[in-house]
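What TrEMBL lists as transmembrane segment is 6-28, 40-58, 70-88, 95-115, 160-181.
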Amino acid sequence: MQSDTLLHAANFSTLFVCMVLKFPQIFVLMRAKSSTGVSLNSLLLELVGFIVFVTYQMYYDYPPPTYLEYPILIAQDVILLLLILHYNGSLRHSLIYALVFVAGWRLLTVEKWIIDLAMSLCTFISAASKFAQLQCLWRSKDAGQVSALSWAMATYTCMVLVRFIAMTLLNLWVLFTVLYYQKYRSSSKKED
């Protein structure tokens, strides 16, 4: 009972954090009127990952509460994209990005295998997004207008998943231990 309450609280807090996750980054860019240190490639990859995930969830009729935060994150990323393009002096490219994303989104659902393949690559796309941001920071050696608060909140939202990974590993450990001792027990019975 207590673990259920804790899990619901973690899920609710994660949803709440996702609703405002990009706000600090948006405010930092608007205040500085510069996008120094913020990787456009990272943002584009993140958008692709979010679009693939939400499209997959919708395609397979998952209940909306399982993916509710992703449309919110997409909207925030679109605002960030527009700000980055504006401060880089290339806002005119926003129409091209919009057309590419809409066409890509439609392409995902042309065939079942396309959305399945895209979803299987989603973790790699998300990881590539983080590496692109790191690469931008390493090259410039300047955090510029990158919001530490946005990255801290993003870290928090992923910590909920760490619990599941840890529990999966512990469950596997128990399983392998059970199998080992069952095998050991059956072989010692045969010796008697």
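Quick reminder: no glycine exception, Cβ is built from N, Cα and C everywhere.
The model shown is predicted, which means the values in this text are computed figures rather than measured ones.
Put simply, of 6-28, 40-58, 70-88, the stretch with the most CB pairs closer than 8 A to the transmembrane segment (95-115) is 40-58. Same-chain neighbours of the transmembrane segment (6-28): 38, 68-69, 72-73, 76-77, 79-80, 83, 145-147, 149-150, 153-154, 156-157, 160, 163, counting only residues six or more beyond its ends whose CB sits under 8 Å from a CB of the stretch.
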